Amino acid sequence: QEHAYPADELMPLTCRGRVRGQEPSRGDVDDALGKFSLTLIDTLDTLVVLNKAKEFEEAVKKVIKDVNLDNDIVVSVFETNIRVLGGLLGGHSVAIMLKEKGEYMQWYNGELLHMAKELGYKLLPAFNTTSGLPYPRVNLKFGVRHPEARTGTETDTCTACAGTLILEFAALSRFTGTSIFEEYARKALDFIWEKRQRSSNLVGVTINIHTGDWVRKDSGVGAGIDSYYEYLLKAYVLLGDDSFLERFNTHYDAIMRYISQPPLLLDVHIHKPMLNARTWMDSLLAFFPGLQVLKGDIRPAIETHEMLYQVIKKHNFLPEAFTTDFRVHWAQHPLRPEFAESTYFLYKATGDPYYLEVGRTLIENLNKYARVPCGFAAMKDVRTGSHEDRMDSFFLAEMFKYLYLLFADKEDMIFDIEDYIFTTEAHLLPLWLSTTNQTISKKNTTTEYTELDDSNFDWTCPNTQILFPNDPMFAQSIREPLKNVVDKSCPRGISRAEENLGSGPKPPLRARDFMASNPEHLEILKKMGVSLIHLKDGRVQLVQHAVQAASSLDAEDGLRFMQEMIELSSQQQKEQQLPPRAVQIVSHPFFGRVVLTAGPAQFGMDLSKHKAGTRGFVATIKPYNGCSEITNPEAVKEKIALMQRGQCMFAEKARNIQKAGAIGGIVIDDNEGSSSDTAPLFQMAGDGKNTDDITIPMLFLFNKEGNIILDAIREYEAVEVLLSDKAKDRATIFKGKMIPNYIIDSNLEMENMDQKLPENNSHKQNSEEATSASLDVGAVSEEPEEGESSDVTDPDSLSPTRADSDSVSISHQDSSVPGTDEASVLEPACAQGDDQPQEQQTETESDSKVNWDNKVQPMESILADWNEDIEAFEMMEKDEL
């Protein structure tokens, strides 16, 4: 409220609201923003869970008074449903509960429900398709096909986008008695069920909303599909319709048969479910152990959760995606709540205090690494600890809720949480809706379901008395074999096809073993339908024609070989890149809380080999471009020099500041409004000469990040930073000094947690589709002064340069062969580190650039809520003196 209201989201680094159209476009991510105070609505029922009924009452009044749903803006149907419609319904659910109790909300007369119904009608035009699947986007004011709607041309949607509507739409129908909402949501679910792949009982990631054809035919439990499975099971719980449970169990059998490879959950092809579709997992699958708890299948839930926890202990947060050998694939972490959700449900099911320790670790990491002046900032890169100016509404809607509930006792709650079911956004819907306004007739469709020869139909909801009869060590016995799965082992990604080979036929040729000069290898390739072409430049090109393989099994082996070769080639290219670096502001009053993503240089000190980094006060050089001898060397000596990009080579700037006595350099982009949030990061290339004479570290900051340091200089004059390969723990930076820390909520203070944790806890540990958000680190060199000759790229283009060094070129020439985005490495090689950044393609809009200088608030406003901590720290310094 202090910094962002009535904007949709808070930007926690710059302490202002994110208003769509006023900030650089982030692509599909911005489709959640509709100028309807998103975070406020999404957080309504969280306030009641946190026992803040008075604040909830005030928030509801703000929503009723200020929120307008009739905006000419295109929004995601999926996000608007789960966050806004779900938020209004969750708010209404707890509002009528509080009113019934008699102390709060006595004036409430269903205003939130009226707004929910209005929004529901605004979403209905999206369902105007022959299939019943909704368009992915809708204009709140003009619908879909209106000339001014600016949407309605899409042909595809994700399975979760169309299949995650039934809880909110059915609740709206049951609350209001208007059946059309539940009917539309059921029709969409029915269509997806009918289009499942019948032999595998799996669904793909994206589907054509007009024809029902699968567009992306890979299948998993993560991004693009996740909440479709969740809503099938929860629709049964909320609505009592057995057909939803039967559908879920049919899918669940397929998931456990093909996708589950304990403790991993790996995507497969729906038509060839024995074939892995990729060798990495996305963070959204972290919800699945919680769903397995609701299903009652606890053992695999414990296994997968433990594997995810080991990844978190390694990186402090769960990367957006990580490989089967637990290296970072996408380094971003937008403070997703799915792992906390599963932790809560596992604790509810097992009562094992180990999961309280897991929750404690999550809270400590949030406070230590994500807490910033105005809130909690998403991690731009878990390897460096750099921040992104982003705090999604789901952080308050879900993360706070699940962490509070994890530690709350029954007497801490003002209502019984067991009377409600959580939506995928953790909104609360009352279970009594199952018997209210039942206007939908149920069809007996049991005969449509496959008979499953397993125990999938034995459980519906977990019963801890049956699952864990007087055996508190049961969960620990399952976790024990997995405790070193990330750090001390490298699981070999063996395909099921290989397992079936056993001691029989020889396994197919591995890509890593292939030699173009080996006749035996060439013969194996021929048998698999793979031909080899020698190119004039000395490289060899591999082409597969599946129809030329000796048999269908050989063709499948050939496909796997090609997928391995693609991944191997891609990995070799990525290993030539340098990971991003971090600039951490460590001086008063920041104390290491602000971390900026920085681009590395291909010359100078290698910060990855100097773990302590380079620490010093910053100074602006003259001339600011650093392209000639520095005229203020006395101001630069023994400091980290700040300079502007442009007009000469990066290496020339480095030599000039090094000669002036600087201990490091930061180059700030001269492209107004540029930001690492919306542009790929680059390496600073050398000048084509020997750069061994440059010994100081050099880093590159985009304009927005650079302005944060420049603003701090204007406000505080003396600003000290740390240049390093990754952000350092504040305890490390200040060598044991007591640095003020923040906690999520007074109810979650560590001393309160300690009361619930056993004194001798042997488990204590140290420490729309998911979009690729990691950094594309290429090489860029500055352009010399006009008149000098050089063949380097124009610096203003800031486009990555890549050496074409692959020794093998790969080509598919058969329509049945999936593209590289479906490629799978069936046996990834172990790597010593996981710090190689992955490639990102980020769209930017040149017309959306903003003058950040004019928008960033004064530092005294940003730091208003730090005063007590600052005074305490100053007092500590005086005491030491």
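Glycine is no exception: its Cβ is also placed from the backbone N, Cα and C atoms.
Heads up, TrEMBL stuff is auto-annotated, nobody curated it.
Database features, via TrEMBL:
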type: ACT_SITE; residues: E79; note: active site, proton donor
type: ACT_SITE; residues: D226; note: active site
type: ACT_SITE; residues: E320; note: active site, proton donor
type: ACT_SITE; residues: E338; note: active site
type: DOMAIN; residues: 621-708; note: domain 'PA'
type: REGION; residues: 757-853; note: region 'Disordered'
type: COMPBIAS; residues: 806-816; note: compositional bias 'Low complexity'
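Taken through DSSP, the domain 'PA' (621-708) splits into 20 helix, 17 strand, 51 coil. Using a 10 Å Cβ-Cβ cutoff, E338 (active site) registers 24 neighbours. A distance of 11 Å separates the Cα atom of E338 (active site) from that of D226 (active site).
A simple way to gauge crowding: the CB of D226 (active site) has 26 other CB atoms within 10 angstroms, across all the protein chains here. For E320 (active site, proton donor), other Cβ atoms within 10 Å of its Cβ number 26. On the 0 to 100 pLDDT scale, the domain 'PA' (621-708) averages 90 in this prediction. Straight-line distance linking the Cα atoms of D226 (active site) and E79 (active site, proton donor), rounded to a whole number, equals 14 Å. All protein chains included, E79 (active site, proton donor) registers 24 other Cβ atoms within 10 Å of its own Cβ. Taking the C-alpha positions, the distance from E320 (active site, proton donor) to E79 (active site, proton donor) comes to 19 Å.
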